[in-house]
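In what follows, a single structure is set out as structure tokens and then discussed.
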């Protein structure tokens with residue numbers, strides 16, 4: 001009768017073993033396209049401010065004089081819009097996530113100010 | 001793509017038009033409101049994929065009749081519009097008296113007068 | 001007549017995935033009336049069009065809800081594209097359809113799992129969610145996000161699916177088809193499941209029409225209404241028939257959703273077979289001016305998107321009417337005269353998505 005309809009699936013699971021992974025011991029591998037966090041090749045950046053104007057959450061900030069580009073990690077939603085609009089293509093989407101934290105993290109990228 | 005069939009009517013005609021549509025077997029899809037330059041209400045109806053809209057343009061002070069006596073389930077839309085836009089809709093059956101969302105701000109979607 | 005009692009149900013309750021509050025008026029164990037109270041997740045996202053320009057708003061619209069995310073983004077983009085008269089490349093249209101149908105599988109599996117959990121069938125819940133995980137992995141490999149994809153853009157899509165990945169999607173959904181037959185047969189045949197669903201929450205065809213029910217809720221009552229037959233996206237090139245059932249009870253709604261999962265698998269295969277080569281995005285120029293109503297068929301039913309633009313980069317109005325919003329009156333109807341013990345199942349049976357409802 002139909003009360004045993006689950007049996008087949010259950011036996012399969014017993015043979016197969018757990019479908020889950022032993023997480024903290026075996027870290028999960030991200031895929032190539034995983035939208036993890038934004039990275040900036042700061043030496044290529046021209047500080048045009050395109051990304052800061054387009055960012056939907058206002059997580060980005062630049063300082064042209066000091067050649068500083070900064071990102072509020074917890075505010076960023078990883079939509080990748082800044083990567084799209086960047087004219088120099090110096091922004092990248094990394095497939096590693098920002099580590100969880102109890103405080104808001106702000107990352108600064110400062111370019112070396114060239115001597116000439 | 002759906003063709004856009006919008007029919008402009010005045011606020012007093014809403015009940016008559018809705019009754020006509022109801023008896024023709026149309027169902028109410030949604031009531032949408034736009035709060036820029038006065039109130040613009042769009043009543044969308046559908047019957048066998050025939051998608052039509054009634055458009056009412058009025059100002060914030062005009063009162064409009066509720067269509068809940070004809071389409072009972074319009075009460076959610078009308079309460080929403082009343083609460084978010086501050087549009088005056090009268091005689092709603094199941095009126096929540098601006099307590100549907102229970103937001104702290106009064107009519108947050110209403111266009112604020114510029115200071 | 002017994003004494004009347006009012007029992008508050010929600011906003012927090014083990015079966016509710018999201019907060020909604022109902023005041024249940026009871027007479028002994030029978031529900032006489034239910035009064036809804038929403039607003040726990042009202043964020044006023046529609047108002048954000050004043051602050052975010054129409055391109056940025058694509059990402060806001062995707063975040064209306066985590067489950068129907070892709071269709072919200074696509075619905076918004078389709079509205080703006082119609083206003084601006086943009087021709088979306090064929091390949092992008094097909095890719096959107098593939099993602100939309102994968103979303104349907106993931107949404108329905110989520111719902112099946114939650115339902116199993118609602119009537120206390122824990123292992124079945126685990127198994128449906130195990131299958132759903134494969135779809136989420138496909139999403140992450142193709143778009144980079146597991147729930148919120150950020151691939152839909154005005155004018156097309158931002159990421160292409162490689163041929164290898166397309167083969168993988170086919171093999172994953174084909175395997176899943178087999179496993180799904182086992183799992184869904186439990187839903188359809190098990191006597192304990194039937195005991196909780198057959199004849200519970202009857203919604204007649206007349207009532208469904210009268211209350212404006214949409215999606216599986218209406219389809220299970222014998223209303224053959226599916227926006228996909230209108231041929232938006234790539235559906236005009238695909239062969240399919242809306243799935244309906246006649247009984248109008250919770251079991252019929254489950255049948256419809258299970259049928260839609262298998263239909264979605266078939267549609268994905270058709271899409272991948274017919275996928276044309278070419279560009280995936282058209283460049284857009286200028287700002288939209290005009291208004292447009294778009295309707296799409298989400299996993300939960302018909303959703304309406306209304307965009308009104310004034311020629312600047314900020315829109316005048318963006319409005320979504322989500323399927324759950326339309327199904328709330330139907331929910332209130334089926335709650336009448338039911339047993340208190342059936343209330344959790346009946347609330348789940350409309351597939352409530354409260355974030356969508358309140359925006």
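Cβ coordinates come from backbone N, Cα and C, glycine included.
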Recorded Ni(2+) site member, picked from C:338, C:353, that accompanies C:65, C:68 in TrEMBL: C:353
Residue C:353 (Ni(2+) binding site): secondary structure state under DSSP, collapsed to three categories: coil
Separation of alpha carbons, residue C:68 (Ni(2+) binding site) and residue C:320 (Mg(2+) binding site) (Å): 12
Cβ within 8 Å of the mean position of the Cβ atoms of C:65, C:68, C:353: remaining residues of the chain near Ni(2+): C:64, C:66, C:67, C:69, C:72, C:107, C:298, C:300, C:322, C:324, C:355, C:356
Which of C:68, C:320, all binding-site residues, has a Cβ with the fewest other Cβ atoms inside 10 Å: C:320
For residue C:46 (Mg(2+) binding site): DSSP state (helix, strand, coil): helix
Residue C:46 (Mg(2+) binding site), number of other Cβ atoms within 10 Å: 20
Confidence summary (mean pLDDT) of the domain 'NADH-quinone oxidoreductase subunit D' (C:120-283): 85
Three-class DSSP secondary structure - residue C:68 (Ni(2+) binding site): coil
